[in-house]
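Undergrad: The following block contains the structure, expressed as C-alpha coordinates.
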Amino acid sequence: MATSLSCSADLLAGFLGPNATNASSAASLICSQLEAINNKFTDTAYAVDSTYLLFSAYLVFSMQLGFAMLCAGSVRAKNTMNIMLTNVLDAAAGGLFYYLFGFAFAFGTPSNGFIGRHNFALKSFPTSNFDYSYFLYQWAFAIAAAGITSGSIAERTQFVAYLIYSSFLTGFVYPVVSHWFWSVDGWASASNTGDLLFGSGVIDFAGSGVVHMVGGIAGLWGAYIEGPRIGRFDRSGQSVLRGHSASLVVLGTFMLWFGWYGFNPGSFTKILSAYNTGSYYGQWSAIGRTAVTTTLAGCTAALTTLFGKRILSGRWNVTDVCNGLLGGFAAITAGCSVVEPWAAIVCGFVAAVVLIACNKLAEKAKYDDPLEAAQLHGGCGAWGVIFTALFAKEKFVNEVYPGKPGRPYGLFMGGGGKLLAAHVIQILVVAGWVSATMGPLFFVLHKLKLLRISPEDEMAGMDLTRHGGFAYVYHDDDDVQSNGIQLRKIEPTATTPSSV
(Lines of atoms letter the chains of each structure in order from A and count residues from 1; the text may use other names and numbers.)
(Lines give C-alpha, C1' and ligand atoms only; values in the text may rest on other atoms or scores of the structure.)
Protein backbone atom coordinates (compact mmCIF):
# COMPACT_ATOMS: atom_id res chain seq x y z
CA MET A 1 0.00 0.00 0.00
CA ALA A 2 1.24 3.53 -0.74
CA THR A 3 2.89 5.44 2.11
CA SER A 4 0.61 8.19 3.49
CA LEU A 5 1.69 11.78 2.94
CA SER A 6 1.48 14.28 5.81
CA CYS A 7 1.14 18.05 5.64
CA SER A 8 0.94 20.68 8.40
CA ALA A 9 -0.45 24.15 7.59
CA ASP A 10 1.37 25.68 10.56
CA LEU A 11 4.69 24.24 9.46
CA LEU A 12 4.22 25.27 5.85
CA ALA A 13 3.09 28.83 6.72
CA GLY A 14 6.56 29.76 7.90
CA PHE A 15 7.93 29.34 4.39
CA LEU A 16 5.30 31.49 2.67
CA GLY A 17 6.21 35.05 3.75
CA PRO A 18 5.58 37.51 6.61
CA ASN A 19 1.81 37.90 6.08
CA ALA A 20 0.50 35.34 8.53
CA THR A 21 -3.08 35.39 7.30
CA ASN A 22 -2.22 34.88 3.63
CA ALA A 23 0.49 32.36 4.50
CA SER A 24 -1.86 30.27 6.60
CA SER A 25 -4.53 30.31 3.90
CA ALA A 26 -2.02 29.31 1.23
CA ALA A 27 -0.60 26.57 3.42
CA SER A 28 -4.06 25.17 4.14
CA LEU A 29 -4.87 25.15 0.42
CA ILE A 30 -1.62 23.37 -0.45
CA CYS A 31 -2.11 20.78 2.32
CA SER A 32 -5.68 20.09 1.24
CA GLN A 33 -4.48 19.47 -2.33
CA LEU A 34 -1.71 17.15 -1.12
CA GLU A 35 -4.19 15.22 1.03
CA ALA A 36 -6.50 14.86 -1.96
CA ILE A 37 -3.60 13.51 -4.02
CA ASN A 38 -2.66 11.14 -1.19
CA ASN A 39 -6.22 9.86 -1.01
CA LYS A 40 -6.19 9.23 -4.74
CA PHE A 41 -2.97 7.22 -4.42
CA THR A 42 -4.49 5.24 -1.56
CA ASP A 43 -7.66 4.56 -3.55
CA THR A 44 -5.60 3.53 -6.56
CA ALA A 45 -3.56 1.12 -4.45
CA TYR A 46 -6.74 -0.54 -3.17
CA ALA A 47 -8.10 -0.71 -6.71
CA VAL A 48 -4.91 -2.25 -8.10
CA ASP A 49 -4.76 -4.88 -5.34
CA SER A 50 -8.47 -5.68 -5.68
CA THR A 51 -8.17 -6.01 -9.46
CA TYR A 52 -5.16 -8.28 -9.07
CA LEU A 53 -7.06 -10.50 -6.63
CA LEU A 54 -10.15 -10.62 -8.86
CA PHE A 55 -8.04 -11.60 -11.86
CA SER A 56 -6.40 -14.32 -9.76
CA ALA A 57 -9.84 -15.54 -8.68
CA TYR A 58 -10.89 -15.80 -12.33
CA LEU A 59 -7.76 -17.86 -13.06
CA VAL A 60 -8.42 -20.22 -10.15
CA PHE A 61 -12.05 -20.57 -11.20
CA SER A 62 -10.93 -21.45 -14.73
CA MET A 63 -9.33 -24.52 -13.17
CA GLN A 64 -12.85 -25.95 -12.90
CA LEU A 65 -12.83 -26.29 -16.67
CA GLY A 66 -9.48 -28.01 -16.37
CA PHE A 67 -10.86 -30.41 -13.78
CA ALA A 68 -13.88 -31.11 -15.99
CA MET A 69 -11.77 -31.90 -19.06
CA LEU A 70 -9.27 -33.96 -17.08
CA CYS A 71 -12.04 -35.95 -15.41
CA ALA A 72 -13.90 -36.49 -18.68
CA GLY A 73 -10.81 -37.80 -20.43
CA SER A 74 -9.87 -40.06 -17.51
CA VAL A 75 -13.18 -41.93 -17.36
CA ARG A 76 -14.86 -44.12 -19.94
CA ALA A 77 -16.96 -42.33 -22.51
CA LYS A 78 -20.21 -43.77 -21.18
CA ASN A 79 -19.77 -41.71 -18.00
CA THR A 80 -18.66 -38.44 -19.57
CA MET A 81 -21.90 -36.53 -19.08
CA ASN A 82 -22.09 -37.65 -15.46
CA ILE A 83 -18.60 -36.51 -14.49
CA MET A 84 -19.02 -33.20 -16.32
CA LEU A 85 -22.25 -32.53 -14.44
CA THR A 86 -20.63 -33.28 -11.08
CA ASN A 87 -17.93 -30.71 -11.83
CA VAL A 88 -20.57 -28.09 -12.57
CA LEU A 89 -22.39 -28.91 -9.34
CA ASP A 90 -19.19 -28.77 -7.28
CA ALA A 91 -18.99 -25.11 -8.26
CA ALA A 92 -22.71 -24.39 -7.92
CA ALA A 93 -23.37 -26.13 -4.60
CA GLY A 94 -20.01 -24.97 -3.29
CA GLY A 95 -20.89 -21.38 -4.13
CA LEU A 96 -24.05 -21.37 -2.03
CA PHE A 97 -22.66 -23.27 0.95
CA TYR A 98 -19.42 -21.32 1.04
CA TYR A 99 -21.46 -18.10 0.96
CA LEU A 100 -23.80 -19.23 3.75
CA PHE A 101 -21.31 -20.93 6.06
CA GLY A 102 -17.89 -21.63 4.60
CA PHE A 103 -16.38 -18.17 4.49
CA ALA A 104 -17.56 -17.40 8.03
CA PHE A 105 -16.08 -20.63 9.39
CA ALA A 106 -12.81 -19.92 7.59
CA PHE A 107 -12.21 -16.19 8.00
CA GLY A 108 -14.95 -14.71 10.19
CA THR A 109 -13.13 -12.55 12.75
CA PRO A 110 -12.72 -12.11 15.63
CA SER A 111 -12.89 -15.80 16.46
CA ASN A 112 -11.14 -18.61 18.31
CA GLY A 113 -8.30 -20.72 16.97
CA PHE A 114 -10.55 -23.56 15.80
CA ILE A 115 -13.33 -21.98 13.75
CA GLY A 116 -14.58 -18.58 12.58
CA ARG A 117 -17.90 -17.23 13.80
CA HIS A 118 -18.72 -14.03 11.93
CA ASN A 119 -19.77 -12.93 8.42
CA PHE A 120 -22.28 -15.74 7.77
CA ALA A 121 -23.89 -15.09 4.38
CA LEU A 122 -21.43 -12.18 4.11
CA LYS A 123 -23.20 -10.25 6.85
CA SER A 124 -21.43 -6.97 7.76
CA PHE A 125 -19.39 -7.21 4.57
CA PRO A 126 -17.08 -5.81 3.28
CA THR A 127 -14.82 -5.04 6.22
CA SER A 128 -11.47 -3.34 6.67
CA ASN A 129 -9.89 -6.79 6.33
CA PHE A 130 -11.89 -8.36 3.50
CA ASP A 131 -13.62 -7.20 0.35
CA TYR A 132 -15.85 -9.16 -2.02
CA SER A 133 -12.87 -10.03 -4.19
CA TYR A 134 -11.35 -11.94 -1.28
CA PHE A 135 -14.53 -13.97 -0.82
CA LEU A 136 -14.59 -14.86 -4.51
CA TYR A 137 -10.96 -15.92 -4.43
CA GLN A 138 -11.45 -18.16 -1.40
CA TRP A 139 -14.60 -19.68 -2.88
CA ALA A 140 -12.61 -20.69 -5.96
CA PHE A 141 -10.18 -22.50 -3.64
CA ALA A 142 -12.98 -24.28 -1.79
CA ILE A 143 -14.55 -25.71 -4.94
CA ALA A 144 -11.10 -26.82 -6.12
CA ALA A 145 -10.90 -29.08 -3.06
CA ALA A 146 -14.33 -30.51 -3.87
CA GLY A 147 -13.31 -31.06 -7.49
CA ILE A 148 -10.33 -33.15 -6.38
CA THR A 149 -12.59 -35.48 -4.43
CA SER A 150 -15.04 -35.97 -7.30
CA GLY A 151 -12.31 -37.53 -9.43
CA SER A 152 -11.57 -40.24 -6.86
CA ILE A 153 -15.14 -41.57 -6.80
CA ALA A 154 -15.94 -41.19 -10.48
CA GLU A 155 -17.93 -43.70 -12.57
CA ARG A 156 -19.74 -45.41 -9.70
CA THR A 157 -21.24 -42.78 -7.39
CA GLN A 158 -24.86 -41.76 -7.07
CA PHE A 159 -25.71 -38.21 -7.96
CA VAL A 160 -27.21 -37.38 -4.57
CA ALA A 161 -23.95 -38.42 -2.89
CA TYR A 162 -22.05 -35.85 -4.93
CA LEU A 163 -24.39 -33.09 -3.77
CA ILE A 164 -24.16 -34.12 -0.11
CA TYR A 165 -20.39 -34.52 0.10
CA SER A 166 -19.66 -31.40 -1.97
CA SER A 167 -21.89 -29.21 0.20
CA PHE A 168 -20.45 -30.63 3.43
CA LEU A 169 -16.86 -30.33 2.25
CA THR A 170 -17.08 -26.74 1.00
CA GLY A 171 -19.41 -25.56 3.75
CA PHE A 172 -17.67 -27.05 6.79
CA VAL A 173 -14.74 -29.47 6.45
CA TYR A 174 -12.48 -27.39 4.20
CA PRO A 175 -13.29 -24.01 5.84
CA VAL A 176 -12.24 -25.27 9.27
CA VAL A 177 -8.88 -26.39 7.91
CA SER A 178 -8.33 -23.10 6.08
CA HIS A 179 -9.16 -21.26 9.32
CA TRP A 180 -6.48 -23.21 11.19
CA PHE A 181 -3.71 -22.36 8.74
CA TRP A 182 -4.72 -19.15 6.93
CA SER A 183 -6.84 -17.05 9.27
CA VAL A 184 -5.12 -14.49 11.51
CA ASP A 185 -6.90 -16.26 14.40
CA GLY A 186 -5.97 -19.81 13.35
CA TRP A 187 -4.10 -21.82 15.97
CA ALA A 188 -1.43 -22.92 13.47
CA SER A 189 -1.45 -19.96 11.07
CA ALA A 190 1.82 -18.29 10.12
CA SER A 191 -0.17 -15.04 10.03
CA ASN A 192 -1.50 -15.40 13.57
CA THR A 193 -1.30 -12.08 15.38
CA GLY A 194 -0.59 -13.80 18.72
CA ASP A 195 1.59 -16.74 19.64
CA LEU A 196 2.83 -18.86 16.74
CA LEU A 197 3.00 -22.64 16.72
CA PHE A 198 6.67 -23.43 17.51
CA GLY A 199 7.40 -19.77 16.93
CA SER A 200 6.73 -20.13 13.20
CA GLY A 201 3.23 -21.34 12.45
CA VAL A 202 2.63 -23.46 9.37
CA ILE A 203 3.83 -22.02 6.07
CA ASP A 204 1.31 -23.53 3.66
CA PHE A 205 1.23 -20.54 1.36
CA ALA A 206 -1.29 -21.66 -1.29
CA GLY A 207 -2.52 -24.95 0.10
CA SER A 208 -0.57 -28.18 -0.48
CA GLY A 209 -2.09 -29.26 2.82
CA VAL A 210 -5.12 -27.00 3.12
CA VAL A 211 -6.50 -27.68 -0.37
CA HIS A 212 -4.76 -30.68 -1.91
CA MET A 213 -4.47 -32.92 1.12
CA VAL A 214 -8.04 -32.15 2.15
CA GLY A 215 -9.41 -33.03 -1.29
CA GLY A 216 -7.12 -36.04 -1.69
CA ILE A 217 -7.85 -37.60 1.70
CA ALA A 218 -11.59 -37.04 1.29
CA GLY A 219 -11.38 -38.80 -2.07
CA LEU A 220 -9.33 -41.60 -0.49
CA TRP A 221 -12.11 -42.39 1.96
CA GLY A 222 -14.82 -42.16 -0.67
CA ALA A 223 -13.06 -44.49 -3.09
CA TYR A 224 -12.06 -46.92 -0.33
CA ILE A 225 -15.58 -47.24 1.07
CA GLU A 226 -17.13 -47.60 -2.39
CA GLY A 227 -14.59 -50.13 -3.58
CA PRO A 228 -13.16 -50.46 -7.10
CA ARG A 229 -15.20 -50.20 -10.27
CA ILE A 230 -16.45 -53.42 -11.81
CA GLY A 231 -13.73 -54.78 -14.05
CA ARG A 232 -11.05 -52.42 -12.70
CA PHE A 233 -8.62 -55.28 -11.98
CA ASP A 234 -8.20 -58.57 -13.82
CA ARG A 235 -7.62 -61.91 -12.10
CA SER A 236 -3.90 -61.24 -11.82
CA GLY A 237 -4.56 -57.94 -10.07
CA GLN A 238 -3.49 -55.79 -13.00
CA SER A 239 -5.33 -52.58 -13.83
CA VAL A 240 -7.35 -52.93 -17.02
CA LEU A 241 -9.65 -49.88 -17.23
CA ARG A 242 -8.43 -46.71 -18.93
CA GLY A 243 -9.83 -43.29 -19.69
CA HIS A 244 -11.28 -42.79 -23.14
CA SER A 245 -9.60 -39.56 -24.29
CA ALA A 246 -5.97 -38.58 -23.90
CA SER A 247 -6.82 -35.39 -25.80
CA LEU A 248 -9.21 -34.25 -23.06
CA VAL A 249 -6.64 -35.16 -20.41
CA VAL A 250 -4.01 -32.97 -22.07
CA LEU A 251 -6.48 -30.12 -22.58
CA GLY A 252 -7.51 -30.30 -18.93
CA THR A 253 -3.89 -30.39 -17.81
CA PHE A 254 -3.00 -27.23 -19.71
CA MET A 255 -6.09 -25.49 -18.33
CA LEU A 256 -5.04 -26.42 -14.81
CA TRP A 257 -1.49 -25.27 -15.52
CA PHE A 258 -2.84 -21.91 -16.67
CA GLY A 259 -5.08 -21.61 -13.60
CA TRP A 260 -2.25 -22.44 -11.24
CA TYR A 261 -0.75 -19.02 -11.98
CA GLY A 262 -3.73 -17.60 -10.12
CA PHE A 263 -3.63 -20.31 -7.48
CA ASN A 264 -0.04 -19.76 -6.33
CA PRO A 265 1.02 -16.20 -7.26
CA GLY A 266 -2.50 -14.97 -6.54
CA SER A 267 -2.26 -16.14 -2.93
CA PHE A 268 -0.30 -13.00 -2.11
CA THR A 269 -3.72 -11.27 -2.51
CA LYS A 270 -1.88 -7.94 -3.02
CA ILE A 271 0.68 -6.85 -5.57
CA LEU A 272 1.30 -3.20 -4.72
CA SER A 273 3.53 -3.69 -1.67
CA ALA A 274 7.11 -2.43 -1.59
CA TYR A 275 9.72 -4.26 0.48
CA ASN A 276 12.10 -1.32 0.15
CA THR A 277 10.75 2.13 -0.73
CA GLY A 278 11.86 3.29 -4.15
CA SER A 279 13.36 -0.08 -5.06
CA TYR A 280 12.74 -2.23 -8.10
CA TYR A 281 12.31 -5.16 -5.70
CA GLY A 282 8.95 -5.60 -4.01
CA GLN A 283 6.02 -7.97 -3.69
CA TRP A 284 5.63 -7.88 -7.46
CA SER A 285 9.08 -9.54 -7.61
CA ALA A 286 8.03 -12.23 -5.13
CA ILE A 287 4.93 -12.88 -7.24
CA GLY A 288 7.09 -13.37 -10.31
CA ARG A 289 9.42 -15.69 -8.39
CA THR A 290 6.41 -17.70 -7.22
CA ALA A 291 5.27 -18.17 -10.82
CA VAL A 292 8.77 -19.36 -11.71
CA THR A 293 9.00 -21.88 -8.86
CA THR A 294 5.55 -23.19 -9.76
CA THR A 295 6.59 -23.67 -13.37
CA LEU A 296 9.89 -25.37 -12.57
CA ALA A 297 8.37 -27.83 -10.12
CA GLY A 298 5.70 -28.91 -12.60
CA CYS A 299 8.12 -29.22 -15.50
CA THR A 300 10.61 -31.26 -13.48
CA ALA A 301 7.89 -33.59 -12.21
CA ALA A 302 6.59 -34.12 -15.76
CA LEU A 303 10.00 -35.09 -17.14
CA THR A 304 10.81 -37.27 -14.14
CA THR A 305 7.53 -39.11 -14.56
CA LEU A 306 8.11 -39.47 -18.30
CA PHE A 307 11.43 -41.25 -17.91
CA GLY A 308 10.48 -43.04 -14.70
CA LYS A 309 7.41 -44.64 -16.27
CA ARG A 310 9.40 -45.44 -19.39
CA ILE A 311 11.85 -47.42 -17.26
CA LEU A 312 9.10 -49.17 -15.33
CA SER A 313 6.63 -49.90 -18.12
CA GLY A 314 8.56 -49.46 -21.35
CA ARG A 315 6.09 -46.86 -22.67
CA TRP A 316 5.92 -43.10 -23.14
CA ASN A 317 2.54 -42.41 -21.57
CA VAL A 318 1.03 -38.95 -21.97
CA THR A 319 -1.54 -39.44 -19.20
CA ASP A 320 1.16 -40.36 -16.71
CA VAL A 321 3.16 -37.30 -17.70
CA CYS A 322 0.14 -35.05 -17.20
CA ASN A 323 -0.47 -36.49 -13.74
CA GLY A 324 3.20 -36.09 -12.89
CA LEU A 325 3.06 -32.45 -13.94
CA LEU A 326 0.05 -31.85 -11.71
CA GLY A 327 1.75 -33.68 -8.85
CA GLY A 328 4.65 -31.25 -9.08
CA PHE A 329 2.24 -28.32 -8.96
CA ALA A 330 0.41 -29.77 -5.94
CA ALA A 331 3.71 -30.22 -4.10
CA ILE A 332 5.17 -26.75 -4.76
CA THR A 333 1.95 -25.01 -3.75
CA ALA A 334 2.88 -24.86 -0.04
CA GLY A 335 6.32 -23.34 -0.44
CA CYS A 336 6.14 -21.62 -3.82
CA SER A 337 6.65 -18.13 -2.31
CA VAL A 338 9.49 -18.92 0.11
CA VAL A 339 11.90 -21.16 -1.82
CA GLU A 340 14.56 -20.55 -4.44
CA PRO A 341 13.91 -21.67 -8.03
CA TRP A 342 16.57 -24.39 -7.76
CA ALA A 343 14.72 -25.87 -4.76
CA ALA A 344 11.54 -26.08 -6.84
CA ILE A 345 13.37 -28.51 -9.14
CA VAL A 346 14.10 -30.73 -6.14
CA CYS A 347 10.45 -30.48 -5.15
CA GLY A 348 9.22 -31.55 -8.58
CA PHE A 349 11.65 -34.47 -8.83
CA VAL A 350 10.65 -35.95 -5.48
CA ALA A 351 6.96 -35.30 -6.17
CA ALA A 352 7.15 -37.49 -9.27
CA VAL A 353 8.80 -40.28 -7.27
CA VAL A 354 6.13 -39.96 -4.56
CA LEU A 355 3.34 -40.17 -7.15
CA ILE A 356 4.80 -43.25 -8.84
CA ALA A 357 5.28 -44.95 -5.46
CA CYS A 358 1.75 -44.11 -4.32
CA ASN A 359 0.31 -45.48 -7.55
CA LYS A 360 2.25 -48.72 -7.12
CA LEU A 361 0.96 -49.03 -3.58
CA ALA A 362 -2.61 -48.31 -4.70
CA GLU A 363 -2.41 -50.98 -7.39
CA LYS A 364 -1.13 -53.58 -4.94
CA ALA A 365 -3.94 -52.70 -2.52
CA LYS A 366 -6.47 -52.79 -5.39
CA TYR A 367 -7.48 -49.26 -4.59
CA ASP A 368 -9.36 -47.67 -7.49
CA ASP A 369 -9.05 -43.92 -8.10
CA PRO A 370 -9.78 -43.12 -11.76
CA LEU A 371 -7.85 -39.84 -11.65
CA GLU A 372 -5.16 -40.84 -9.13
CA ALA A 373 -6.48 -37.90 -7.11
CA ALA A 374 -5.75 -39.30 -3.65
CA GLN A 375 -2.22 -40.27 -4.67
CA LEU A 376 -1.56 -37.06 -6.57
CA HIS A 377 -3.13 -34.47 -4.29
CA GLY A 378 -2.84 -36.34 -1.00
CA GLY A 379 0.61 -37.87 -1.46
CA CYS A 380 2.28 -35.04 -3.36
CA GLY A 381 0.51 -32.47 -1.18
CA ALA A 382 1.97 -34.06 1.95
CA TRP A 383 5.43 -34.06 0.37
CA GLY A 384 5.00 -30.37 -0.45
CA VAL A 385 4.29 -29.59 3.21
CA ILE A 386 7.50 -31.37 4.26
CA PHE A 387 9.49 -29.83 1.41
CA THR A 388 8.60 -26.31 2.55
CA ALA A 389 9.84 -27.05 6.07
CA LEU A 390 13.16 -28.16 4.60
CA PHE A 391 13.87 -25.50 1.96
CA ALA A 392 12.12 -22.26 3.06
CA LYS A 393 14.62 -19.39 2.80
CA GLU A 394 14.93 -16.95 5.72
CA LYS A 395 14.81 -13.81 3.59
CA PHE A 396 11.71 -14.89 1.70
CA VAL A 397 9.93 -16.05 4.85
CA ASN A 398 10.43 -12.65 6.50
CA GLU A 399 9.22 -10.83 3.39
CA VAL A 400 6.10 -12.91 2.89
CA TYR A 401 5.31 -13.12 6.63
CA PRO A 402 6.58 -9.80 8.06
CA GLY A 403 6.29 -8.55 11.61
CA LYS A 404 7.76 -11.59 13.35
CA PRO A 405 11.55 -11.29 13.07
CA GLY A 406 13.58 -14.34 13.96
CA ARG A 407 10.92 -16.88 13.04
CA PRO A 408 12.17 -20.38 12.09
CA TYR A 409 12.73 -21.28 8.44
CA GLY A 410 13.83 -24.32 6.42
CA LEU A 411 15.86 -27.04 8.12
CA PHE A 412 18.24 -27.48 5.16
CA MET A 413 18.65 -23.70 4.95
CA GLY A 414 19.95 -23.45 8.52
CA GLY A 415 16.65 -22.58 10.19
CA GLY A 416 16.42 -25.48 12.63
CA GLY A 417 13.69 -28.07 13.05
CA LYS A 418 10.82 -26.03 14.52
CA LEU A 419 9.19 -25.35 11.17
CA LEU A 420 9.45 -29.05 10.30
CA ALA A 421 7.75 -29.95 13.59
CA ALA A 422 4.90 -27.55 12.83
CA HIS A 423 4.47 -29.04 9.36
CA VAL A 424 4.44 -32.63 10.61
CA ILE A 425 1.64 -31.58 12.93
CA GLN A 426 -0.21 -30.07 9.96
CA ILE A 427 -0.09 -33.35 8.05
CA LEU A 428 -1.36 -35.28 11.07
CA VAL A 429 -4.21 -32.92 11.95
CA VAL A 430 -5.38 -32.53 8.34
CA ALA A 431 -5.40 -36.30 7.84
CA GLY A 432 -7.17 -36.78 11.17
CA TRP A 433 -9.78 -34.06 10.67
CA VAL A 434 -10.74 -35.08 7.13
CA SER A 435 -10.82 -38.75 8.11
CA ALA A 436 -13.00 -37.99 11.14
CA THR A 437 -15.50 -35.98 9.08
CA MET A 438 -15.57 -37.28 5.53
CA GLY A 439 -14.95 -40.94 6.38
CA PRO A 440 -18.12 -41.28 8.50
CA LEU A 441 -20.10 -39.27 5.93
CA PHE A 442 -19.21 -41.67 3.12
CA PHE A 443 -19.80 -44.66 5.42
CA VAL A 444 -23.29 -43.44 6.35
CA LEU A 445 -24.13 -42.79 2.69
CA HIS A 446 -22.92 -46.31 1.91
CA LYS A 447 -25.08 -47.86 4.63
CA LEU A 448 -28.10 -45.88 3.45
CA LYS A 449 -27.43 -47.13 -0.11
CA LEU A 450 -27.01 -43.56 -1.31
CA LEU A 451 -23.35 -43.85 -2.32
CA ARG A 452 -22.83 -46.41 -5.07
CA ILE A 453 -24.97 -47.08 -8.12
CA SER A 454 -26.24 -50.56 -9.01
CA PRO A 455 -24.00 -52.98 -10.94
CA GLU A 456 -26.39 -52.84 -13.89
CA ASP A 457 -26.20 -49.04 -14.07
CA GLU A 458 -22.44 -49.13 -13.70
CA MET A 459 -21.97 -51.55 -16.58
CA ALA A 460 -24.38 -49.71 -18.86
CA GLY A 461 -22.89 -46.32 -17.97
CA MET A 462 -24.47 -43.49 -16.03
CA ASP A 463 -24.89 -41.27 -19.08
CA LEU A 464 -27.51 -43.68 -20.40
CA THR A 465 -29.11 -44.82 -17.14
CA ARG A 466 -29.06 -41.58 -15.15
CA HIS A 467 -28.80 -38.71 -17.63
CA GLY A 468 -30.90 -39.74 -20.60
CA GLY A 469 -28.23 -40.37 -23.20
CA PHE A 470 -24.58 -40.20 -24.12
CA ALA A 471 -22.34 -37.16 -24.30
CA TYR A 472 -21.35 -38.33 -27.78
CA VAL A 473 -21.17 -41.53 -29.82
CA TYR A 474 -18.54 -43.65 -28.14
CA HIS A 475 -16.66 -46.88 -28.56
CA ASP A 476 -15.68 -48.08 -25.09
CA ASP A 477 -14.14 -51.53 -25.21
CA ASP A 478 -16.19 -53.09 -22.45
CA ASP A 479 -16.35 -56.62 -23.87
CA VAL A 480 -13.82 -57.97 -21.41
CA GLN A 481 -13.79 -60.70 -18.83
CA SER A 482 -13.30 -59.34 -15.31
CA ASN A 483 -13.49 -61.50 -12.20
CA GLY A 484 -15.66 -63.96 -14.10
CA ILE A 485 -18.25 -61.32 -15.08
CA GLN A 486 -19.06 -60.72 -18.75
CA LEU A 487 -19.53 -56.99 -19.29
CA ARG A 488 -22.07 -56.18 -22.00
CA LYS A 489 -21.32 -53.37 -24.43
CA ILE A 490 -24.25 -50.96 -24.90
CA GLU A 491 -24.30 -49.37 -28.32
CA PRO A 492 -26.12 -46.07 -28.90
CA THR A 493 -29.22 -46.33 -31.06
CA ALA A 494 -30.99 -43.90 -33.29
CA THR A 495 -33.48 -43.17 -30.50
CA THR A 496 -30.80 -42.42 -27.91
CA PRO A 497 -30.38 -38.69 -27.26
CA SER A 498 -26.88 -37.53 -28.00
CA SER A 499 -24.96 -34.34 -28.35
CA VAL A 500 -21.62 -33.37 -29.73
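Each Cβ is built from the backbone N, Cα and C atoms, and glycine gets one as well.
Per TrEMBL, domain 'Ammonium transporter AmtB-like' is recorded for 52-472. Taken from TrEMBL, the feature transmembrane segment applies to 52-75, 96-115, 135-153, 160-182, 202-224, 245-263, 283-306, 318-335, 341-362, 374-392, 420-445.
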Undergrad: Cβ pairs under 8 Å only, please: of the recorded stretches 135-153, 202-224, 245-263, 374-392, 420-445, which one is richest in them relative to the transmembrane segment (283-306)?
TA: 245-263
Undergrad: Which one of these stretches, 202-224, 245-263, 341-362, has the most C-beta pairs shorter than 8 Å to the transmembrane segment (420-445)?
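TA: Comparing 202-224, 245-263, 341-362 against the transmembrane segment (420-445), the winner is 202-224.
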Undergrad: Which residues of the chain, 6 or more past the ends of the transmembrane segment (245-263), have a CB below 8 A from one of its CBs?
TA: 55-63, 65-74, 77, 140-141, 144, 206-207, 291, 294, 298, 318-319, 322, 325-326, 329, 333
Undergrad: Is the transmembrane segment (341-362) in contact with the transmembrane segment (202-224), using three or more Cβ pairs under 8 angstroms as the rule and ignoring pairs under 6 apart in sequence?
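TA: In this chain the transmembrane segment (202-224) does not contact the transmembrane segment (341-362) - fewer than 3 Cβ pairs sit under 8 Å.
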Undergrad: Between the stretches 52-75, 135-153, 160-182, 341-362, 374-392, which wins on the count of C-beta pairs under 8 angstroms to the transmembrane segment (96-115)?
TA: 160-182
Undergrad: Could you give the residue numbers and ranges of same-chain residues that sit at least 6 residues beyond the transmembrane segment (52-75) on either side and whose C-beta is under 8 angstroms from one of its C-beta atoms?
TA: 83-84, 86-88, 90-91, 133-134, 136-137, 139-141, 143-144, 147-148, 150-151, 154-155, 243-263, 265-267, 269-272, 319, 322, 370-371, 471
Undergrad: Answer yes if the transmembrane segment (160-182) and the transmembrane segment (135-153) have at least three CB pairs under 8 Å among residue pairs 6 or more apart in sequence, and no otherwise.
TA: yes
Undergrad: If you average the pLDDT over the domain 'Ammonium transporter AmtB-like' (52-472), what number do you get?
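TA: Summarising the domain 'Ammonium transporter AmtB-like' (52-472) by its mean pLDDT gives 93.
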Undergrad: In the same chain, who gets a Cβ under 8 Å from the transmembrane segment (318-335) while lying at least 6 residues past its ends?
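TA: Contacts with the transmembrane segment (318-335): 70, 74, 203-209, 211-212, 243, 246, 249-250, 252-253, 256-257, 260, 263-264, 293-294, 297-302, 304-306, 308-309, 343-344, 347-348, 350-352, 354-355, 371-372, 376-377, 379-381, 383-385, 387-388, 391-392.
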